[in-house]
């Protein structure tokens with residue numbers, strides 16, 4: 001039994017008569033009595049005793065703490081029950097017990113977090129091994145022991161990160177408001193993929209449910225004009241708010257700040273290109289006492305903090321290593337260390353993360369103050385598409401400057417532009433038919449794949465954008481990285497209702513399609529010209545040259561970019577319009593109608609099934 005209770009005293013006779021039996025409390029606390037009254041007339045106001053009893057503070061649901069507890073339970077199950085099948089059953093029973101006691105949420109015991117629990121279990125195993133080795137070592141340790149520990153940390157880092165273990169990072173493809181996309185090579189099959197990293201700045205139960213739900217929706221999208229989805233997983237990462245240089249007194253070790261590490265050719269990779277955990281940078285000031293830390297050690301075990309370390313040997317050559325932090329804390333903490341932190345320090349279960357012991361060897365002399373934030377990193381593995389519609393339009397515009405006669409317009413290949421736009425509308429029709437609104441359609445999020453340049457829609461904006469860290473999460477100096485150009489680029493394609501913050505639906509995507517249609521058929525000589533024309537579309541102004549050259553396209557640009565949402569055509573209406581009325585497009589239109597009719601038939605079948613069930617119940 002993890003907890004017990006006893007009921008003392010006699011029950012109220014009135015309650016017995018009423019037949020109401022109260023459930024025994026989980027813990028029997030002594031009855032509260034009124035506090036004795038004292039004469040406080042001569043006591044200063046700031047020292048007066050509170051008149052009301054202290055209220056226990058309420059803490060928000062933090063997934064990180066719960067995940068650590070669940071991981072400990074799973075680890076104990078494996079230790080005490082070697083049979084894998086039985087250990088799973090023991091783990092489930094323990095989780096059910098803790099859930100009933102109110103110590104855990106069933107959400108953190110779900111299979112979606114199995115990869116994170118594996119990460120924690122490996123960390124716990126490594127911590128226990130390191131702690132035992134530390135206890136068995138002599139107080140005075142030589143460099144060989146420290147190098148041995150560091151080599152194990154390097155190997156451990158590769159084991160705990162799926163991203164580092166399975167993929168080789170080749171290049172960064174792009175960055176946006178929801179994260180960064182990297183070109184990687186799978187070490188097993190040798191194929192190239194695109195992996196998008198999305199840093200979740202909050203990790204409450206509701207937030208994680210939103211992200212996981214949307215990932216599952218995206219996983220169900222299968223269409224030739226949608227970027228292919230492969231898999232997704234979550235890893236734990238620590239994001240630091242870097243300051244200046246950190247001196248850490250370890251034999252043959254020197255810790256550099258992120259800024260110095262970037263300048264060093266042999267330095268550590270940028271934080272955004274690695275799932276490893278990075279310890280905070282501190283200010284090189286004289287040692288002084290600091291306030292107590294808010295970091296709590298949940299499992300009362302040895303905490304191995306990480307740092308970006310540059311090893312300097314006798315020849316002054318440098319090699320880069322990274323150490324993992326195995327301790328987990330709240331999602332947003334500000335650790336401040338007093339005096340010196342021994343490597344073997346173990347914080348108290350309920351106490352603050354401080355060190356008062358002195359150690360002559362192997363001490364970490366941490367100076368300054370920093371902020372370490374604990375987040376979850378969502379990784380989405382997708383089909384690799386390197387050429388975007390933005391690249392295609394930019395190259396087309398460069399070629400257009402060679403021609404003076406705009407009426408001839410040889411650089412605008414109407415057939416190619418029509419093909420691109422038709423495939424784009426087909427992809428939008430599919431996602432709208434699935435009940436999904438893209439919200440961020442623009443040339444940078446549309447890709448051309450393969451020799452035939454097949455259109456692929458990607459970079460779906462997560463509807464839970466308020467819990468996704470913006471593009472500044474990789475910024476070194478803590479300042480915003482978004483430029484004026486990037487904001488303009490987003491606003492040019494966003495519908496008026498999106499910019500006004502009002503409710504929007506699939507018709508907002510149709511506005512973006514109207515702007516893209518204009519850009520496909522209207523080359524621009526400069527960025528200023530492009531911004532002026534695309535901004536003028538909001539007020540119904542379309543270039544006269546485009547209206548003369550492409551009257552049908554100009555007509556639908558006017559309809560799609562209209563301020564009246566109800567008058568904008570849908571994706572299906574566009575596919576059935578005169579924009580694509582060729583022999584092949586007629587067949588496509590008929591296929592789209594069949595899809596719509598089949599959907600209606602399925603809905604009618606469901607309604608008939610419900611009606612028949614109701615009649616059966618009435619009989």
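Quick reminder: no glycine exception, Cβ is built from N, Cα and C everywhere.
Cross-referencing 356, 483 with Swiss-Prot, the residue annotated as phosphothreonine turns out to be 483.
Per Swiss-Prot, the residue from the list 13, 485 bearing the note phosphothreonine is 485. Among the ranges 65-84, 85-104, 105-124, the stretch that Swiss-Prot annotates as motif 'SIFI-degron' is 85-104. For the annotation phosphothreonine, the record in Swiss-Prot points to 490 among the listed residues 58, 206, 490, 532. Neighbour counts of Cβ atoms within 10 Å were taken for the binding-site residues 173, 181; the minimum is at 173. A coil conformation is recorded for residue 440 (active site, proton acceptor) in the three-state DSSP classification, outside any helix or strand.
Of all the recorded positions listed (175, 179, 440), 175 has the fewest other CB atoms within 10 A of its CB. Per DSSP, the secondary structure of the repeat 'HRM 2' (549-554) breaks down as 5 helix, 0 strand, 1 coil.
A Cα-Cα distance of 14 Å separates residue 440 (active site, proton acceptor) from residue 175 (ATP binding site).
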